[in-house]
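Written below as structure tokens is the structure these notes are about.
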Amino acid sequence: MPKQVIKSGSRPPWVGLSAAVWLEIAAGNAYNFPLYSHALKSVLGYNQQQLTMLGVANDVGESVALLPGYACSKLQPWMVLFVGACACFLGYGLIWLSVTQTLPGLPFWLLWIALIVATNSNAWFGTAVLVTNMKNFPLSRGTVAGILKGYAAIGGAIYTVIYNVFLDKSSAKLLMFLALGIPVICFTLMFFIRPCAPASGEDSSEHAHFVFTQAMACLAAVIVLFITVAGHVTSVSSSVTYTLVGLVVVLLVSPLAIPVKMTFSRKRSVKKPNPLSEYVEGLHQEEGETDITNPLLKPSSSRGSFIDMEDDDASDVQTLLAEGGGSFEQKRRPRRGEDFRLRQAFVKADFWLLWFLYFLGVGSGITVLNNLAQVGIAVGIDNTTVLLCLFSFFNFVGRLSSGAISEHFVKSRAMPRTVWMTLAQFLMVVAFILYAVSSTTTLYLATGLLGICYGFQYSLMVPTASELFGLEHFGIIYGFMLLGNPIGAALFSGLLAGRLYDAEAIRKGSLTCYGPECFRLTFVILACLCGVATMLSVILTVRIRPVYRSLYGSRSLRLPQE
């Protein structure tokens, strides 16, 4: 890998975060599947099981991030984003050609692959901006992950507004917009996503900047929700709608005000001493280094490398063994909180507990999202775009709030983030029970509750994995964790929900199923799976509590002895 040029100063990380906001919104295109799935079914004549399998392809593409994760450790961020833009153009372009009958008669398997390629752009976009920004803000990784994943969630609602207001609710126009608009956004912003050297201390205004970014995101989400819901409940004039859309654009651009303010502000920010950053900075000075090629990853990207993680590991030392007249240095295995390679993480029970927890929680949630239109139709809701917008909004709330809440309790009480994942899993059980009731009132309530819990699960996995297994190889570890999404979708959505739905529809003598029986058994099974996930989360929380006490307790910044 060529030597990366690291941008120094306090402004570049915030410029990168501002650009990442738009790229994460672009990466929310996978949530658009319910907006054009009906066109795939009506124009191409697919049945529900085929449509469900396309939904699985949508999730597979979105979540298979092993290659992007590996690429992040070898390529510049803009190169990773460029690959994502090309995938978006090719995948959605081919689907558009099929839906418009420009290329009629394309086989199902080809469209299945095209959808994987199209939504795999999300993995390239999301992995590049997430890995880069978490390294740029290593001491606020939970907050950064919540902000970025929150904007990705609101992206689904923003696309819904674009679909309703500007594209005349045309699936063909939406697919063309996805094929052309997203690459344009990426090419415009990709050079602003770059690795930056973290400041040598915590900026006293950093917390206020994060709060400002979160507040602007919340306002934008509320306005987007209002535009969508009001458009279906009452008649809203075009001038009002366009004014509100313009306000949303201003709010989405507003994070750029942070680096602008830094440029024109003459008052110097007050720095808080940070032993971790001072130690890393001192290492570079002692070694005569003028360029930081990997910020906060020397000697380790995690504060856990500077502390004693567990009593039974306290006596680990590097042992020199003589063999055949020579000697070699045997390196100790990393402790939890230090930098793990993927193969090293594979042998850790905590790694697999976190993976199965994510697999059960997000896999069951994505099953509902893929079938949300059919769930609404089954209970008598004709226009399901409100359901999609409702899910997207509360998914955004869950992602954004989970980062801020967990960050507060992690730093103040050393509370593991998995505590909140446990609560989210329990509430998902409640949500699926409400779905099984199958009334219009409980459907809206369950969709909002599930959106919040899904957002919690998705967003909390990111900082938890980085805290347990480090930031140096986080891209590939994050990519493997994301595999829980498509595997869960294939099992729960493709093999479970799709087959049960089609069987019920055939029993009623129709391609479309109506009535509470269409998904009731599916929801009961998913509730049971989330109950199992709740127990796994409790076990994981108990296991990693000492790690968080070491990372964020009173002794968390003890530096290594000479």
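Start at 1 and count along the chain as shown; that gives each residue its number.
Backbone N, Cα and C atoms are what each Cβ position is placed from, and that goes for glycine too.
The domain 'Nodulin-like' annotation in TrEMBL covers 13-260. According to TrEMBL, the domain 'NFD4 C-terminal' annotation covers 347-547. The feature transmembrane segment is assigned by TrEMBL to 78-97, 109-131, 143-162, 174-197, 209-233, 239-258, 351-369, 375-397, 418-437, 443-462, 474-501, 521-542.
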Chain residues outside the transmembrane segment (78-97) and at least six past its termini with a C-beta under 8 angstroms from it: 23, 29, 61, 68, 71-72, 103, 106, 110-111, 114-125, 127-129, 172, 175-176, 178-180, 182-183, 186-187, 190-191, 193-194
Contact set, same chain, for the transmembrane segment (209-233): CB under 8 Å, 6 or more residues outside the stretch: 14, 17, 21, 140, 143, 146-147, 150-151, 154, 157-158, 160-161, 164-165, 203, 241, 244-245, 247-248, 251-252, 254-255, 257-258, 383, 385-386, 389-390, 393, 396-397, 400, 404
Contact ranking winner - 109-131, 143-162, 174-197 against the transmembrane segment (239-258), Cβ under 8 Å: 143-162
